[in-house]
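Trainee: One structure, pasted below without further comment.
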């Protein structure tokens with residue numbers, strides 16, 4: 001019975017990673033095979049309003065591997081998979097107001113650094 005729980009957990013983890021990857025490609029960018037480098041790109045939605053808003057987009061380092069048994073024993077909540085990654089984030093930005101009341105961050109520099117969305 002315990003074997004089936006572990007097997008189900010691995011399947012669910014794999015499925016969630018696949019879904020995360022699938023949803024991280026907006027508007028048909030899934031068809032591109034290579035991943036562009038981390039750099040400034042113009043936001044196409046705000047470009048329609050005539051306002052040049054730039055965002056950091058691109059790929060950085062990411063990998064996942066099985067957690068070593070020795071490390072798993074010391075965890076408060078043992079996890080079977082360990083991941084390491086860096087994300088394309090803004091090194092510098094300027095706060096701008098668009099359409100009178102919408103406040104945005106217009107990125108001016110990008111680099112690969114800690115993934116802030118992973119931190120809770």
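Note that Cβ sites are derived from N, Cα and C of the backbone, with glycine treated the same way.
Sharing the record's features from Swiss-Prot:
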SIGNAL    1-24  signal peptide
DISULFID  35-59  disulfide bond
DISULFID  38-88  disulfide bond
DISULFID  56-110  disulfide bond
DISULFID  60-112  disulfide bond
CARBOHYD  80  N-linked glycosylation site
DISULFID  87-115  disulfide bond
CARBOHYD  106  N-linked glycosylation site
Trainee: Round to the nearest Å and give the CA-to-CA distance linking residue 106 (N-linked glycosylation site) with residue 59 (disulfide bond).
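Mentor: Roughly 19 Å, rounded to the nearest whole number.
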Trainee: So among the disulfide-bonded residues 59, 110, who's got the most Cβ atoms within 10 Å?
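Mentor: Highest number of other Cβ atoms within 10 Å: 110.
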Trainee: Filter the disulfide-bonded residues 56, 60, 88, 110 down to the ones within 10 angstroms of residue 35 (disulfide bond), Cα to Cα, kept in sequence order.
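Mentor: If one measures from the Cα of residue 35 (disulfide bond), the disulfide-bonded residues that come within 10 Å are 60.
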Trainee: Drop a 10 Å sphere on every Cβ of the disulfide-bonded residues 35, 38, 56, 60, 88 and tell me which sphere holds the fewest other Cβ atoms.
Mentor: 35
Trainee: Recorded positions 38, 59, 80, 112: which have a Cα within 10 Å of residue 87 (disulfide bond)?
Mentor: 38, 59, 112
Trainee: How long is the line from the C-alpha of residue 112 (disulfide bond) to the C-alpha of residue 88 (disulfide bond), rounded to the nearest angstrom?
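Mentor: That comes out at 5 Å between the alpha carbons.
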